[in-house]
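Here's the structure, in structure tokens; my notes come after.
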Amino acid sequence: MSESLHLTRNGSILEITLDRPKANAIDAKTSFEMGEVFLNFRDDPQLRVAIITGAGEKFFSAGWDLKAAAEGEAPDADFGPGGFAGLTEIFNLDKPVIAAVNGYAFGGGFELALAADFIVCADNASFALPEAKLGIVPDSGGVLRLPKILPPAIVNEMVMTGRRMGAEEALRWGIVNRVVSQAELMDNARELAQQLVNSAPLAIAALKEIYRTTSEMPVEESYSYIRSGVLKHYPSVLHSEDAIEGPLAFAEKRDPVWKGR
């Protein structure tokens with residue numbers, strides 16, 4: 001793929017390692033490449049889960065490459081399919097992504113992690129959105145996704161002052177799923193990925209579709225919406241072979257064999 005991205009396939013799990021010394025910062029070229037990777041992951045029927053991490057133990061990603069910015073790359077440059085870092089604007093990805101945050105996740109690096117479905121982080125990780133101190137705003141999802149997780153006062157402090165949040169605080173606020181040691185990070189992310197593989201792929205796709213389309217609706221309206229037949233995956237999963245296989249495997253005391261149909 002490129003010198004900046006290392007891809008490893010472990011069965012149905014794709015591991016993506018961002019490797020751009022010194023801080024795994026992302027320029028437009030790298031963002032384009034990441035977008036291609038995530039779109040290929042989306043469209044590959046053999047892949048079920050992706051894990052994104054950074055090389056080394058200090059930086060997950062420092063976000064936008066300020067060296068590229070100093071050389072003329074604009075904040076509103078074309079960062080390719082999927083938006084900045086290839087994931088922040090893919091809104092039809094019905095497979096789970098795990099961010100294995102191995103260190104600092106700043107600016108667009110934090111926004112990349114927020115675009116994932118799960119965040120597992122090392123105990124030395126920290127998170128920040130310092131864009132206001134650089135004369136820009138975290139418009140690749142930070143100022144949009146973070147308010148859905150945190151109270152307004154905490155969001156304001158993070159986006160307006162650039163305050164850093166450590167791993168344990170992020171866990172308390174529900175930003176991350178797990179905090180583990182650096183040595184355990186990838187094994188823990190892989191364990192979570194395998195748990196996701198053990199769930200039915202159509203059910204996962206339907207869940208993501210429902211979350212995505214009903215998150216701003218009142219509950220009563222959401223019920224009507226998901227039962228209206230307009231969704232792609234939800235009606236399919238109800239009449240799928242997997243919906244038969246799950247209860248059958250349970251009754252026969254064996255692991256289900258999912259077909260994704």
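Glycine too: its Cβ is placed from the backbone N, Cα and C atoms.
Look at Swiss-Prot and you will find Glu111 tagged as active site, nucleophile, backed by sequence analysis. Among the features that Swiss-Prot reports, active site, proton acceptor is placed at Glu131, with the record citing sequence analysis.
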Practice problem: Please compare the active-site residues Glu111, Glu131 by how many other CB atoms fall within 10 Å of each one's CB, and tell me which has the fewest. | Solution: Glu131
Quiz item: In Å, rounded, how far does the Cα of Glu111 (active site, nucleophile) sit from the Cα of the residue listed as 'active site, proton acceptor'?
Solution: 11
Quiz item: What kind of secondary structure is Glu131 (active site, proton acceptor) part of, going by DSSP in three states?
Solution: helix
